[in-house]
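These notes are about the structure you will find just below.
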């Protein structure tokens with residue numbers, strides 16, 4: 001217990017930063033609340049949780065997949081459930097864009113959640129809120145922190161295929177990632193590092209480490225050499241998993257130490273140059289990281305409490321990106337795949 005005082009101070013420092021960021025998000029925090037469904041659908045959280053736990057029994061990846069859906073939804077025209085819409089004549093879905101097609105998954109589970117909620121309280125819980133609730137449950141069920149999920153989003157009526165092409169990408173450098181986070185009102189240091197910590201669970205395809213444009217194993221930055229920031233033993237391991245010109249779809253653990261547990265090992269891996277994605281290792285190894293993101297990585301690697309506190313707040317921050325709350329601009333979809 002002797003170390004609790006400096007740890008608490010570190011956590012407090014992180015929270016001061018992220019809370020300040022929260023109140024800059026277009027005033028969105030004031031529009032949403034934790035008890036939004038207290039009267040209209042009081043069992044909403046438990047209904048979502050039941051479906052997710054059942055889904056996880058046959059799909060150990062589902063928790064990581066669901067939090068990724070929330071992330072990819074919120075970064076494109078706000079947290080409005082637009083990612084969930086299927087393509088229709090005149091509107092191509094975000095699902096079909098390069099960052100999502102073939103990798104975004106979990107849509108049938110969202111459908112199952114929606115069906116259960118519609119049976120209990122028809123026309124009440126939005127698809128955008130389902131993603132927010134499912135993300136928190138996914139983290140908690142994997143050993144991570146809980147937080148008060150702010151609710152009250154409506155579902156948007158459009159999908160932005162072009163906009164989704166500008167999602168933060170796994171092969172991008174730190175400057176680009178910071179710019180994209182700031183563009184949606186998030187903090188380019190704390191929120192970026194904290195939300196990247198979701199890579200402490202889940203799987204990723206070989207394409208993201210062995211193929212262009214990343215190609216960290218064989219031709220990094222056109223050098224015909226591996227990425228020099230990658231630990232040599234880890235590189236040898238990945239080269240066996242992802243041989244040159246091999247199957248790009250082979251899945252790998254983002255966190256090779258505890259792949260299905262939500263903990264701070266993502267950061268301890270980065271500390272020893274075992275970040276899988278370029279975007280992971282950039283947080284520590286980029287020259288730009290010194291004095292910006294690297295000290296935060298150090299803090300989270302040494303204190304899981306600090307990471308958990310910051311991650312919870314950053315998820316709230318992200319969930320407040322341009323929520324639709326005006327009934328003239330949004331709706332509660334009956335089916336998450338299409339507008340009413």
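Numbering starts at 1 and runs along the chain as it is shown here.
Backbone N, Cα and C atoms are what each Cβ position is placed from, and that goes for glycine too.
TrEMBL annotations:
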- 72: active site, proton acceptor (ACT_SITE)
- 73, 76, 78, 80, 82, 94: Ca(2+) 1 binding site (BINDING)
- 168: substrate binding site (BINDING)
- 199: heme b binding site (BINDING)
- 200, 255, 258, 263: Ca(2+) 2 binding site (BINDING)
- 41-121: disulfide bond (DISULFID)
- 74-79: disulfide bond (DISULFID)
- 127-336: disulfide bond (DISULFID)
- 206-242: disulfide bond (DISULFID)
- 31-340: domain 'Plant heme peroxidase family profile' (DOMAIN)
- 68: site 'Transition state stabilizer' (SITE)
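Structural mapping of features recorded in TrEMBL.
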residue: 41; record: disulfide bond; Cβ neighbours (10 Å): 19
residue: 68; record: site 'Transition state stabilizer'; Cβ neighbours (10 Å): 22
residue: 72; record: active site, proton acceptor; Cβ neighbours (10 Å): 22
residue: 79; record: disulfide bond; Cβ neighbours (10 Å): 30
residue: 80; record: Ca(2+) 1 binding site; Cβ neighbours (10 Å): 29
residue: 82; record: Ca(2+) 1 binding site; Cβ neighbours (10 Å): 27
residue: 94; record: Ca(2+) 1 binding site; Cβ neighbours (10 Å): 28
residue: 200; record: Ca(2+) 2 binding site; Cβ neighbours (10 Å): 28
residue: 242; record: disulfide bond; Cβ neighbours (10 Å): 22
residue: 336; record: disulfide bond; Cβ neighbours (10 Å): 22
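Here the binding-site residues are 73, 263, and the one ringed by the most other CB atoms within 10 angstroms is 73. Nearest neighbour of residue 200 (Ca(2+) 2 binding site) by Cα distance, taken over the recorded positions 41, 68, 72, 206, 336: 68. A Cβ within 8 Å of the Cβ centre of 73, 76, 78, 80, 82, 94, the residues given for Ca(2+) 1, is found for these other residues of the same chain: 72, 74, 75, 77, 79, 81, 83, 156, 159, 160, 163, 164. Ranked by CA distance from residue 127 (disulfide bond), the recorded positions 78, 79, 242, 255, 263 have 79 at the top as the closest.
Spatial neighbours are here defined as Cα atoms within 10 angstroms of one another, and by that definition the neighbours of residue 199 (heme b binding site) among the recorded positions 41, 72, 73, 168, 255, 336 are 255. The Ca(2+) 2 site is set by 200, 255, 258, 263; from the centre of their CB atoms, other residues of the chain with a CB within 8 Å are 201, 257, 259, 261, 262, 264, 265, 266.
When the recorded positions 41, 72, 74, 82, 206, 242 are screened for a Cα within 10 A of the Cα of the residue listed as 'substrate binding site', the ones that qualify are 72.
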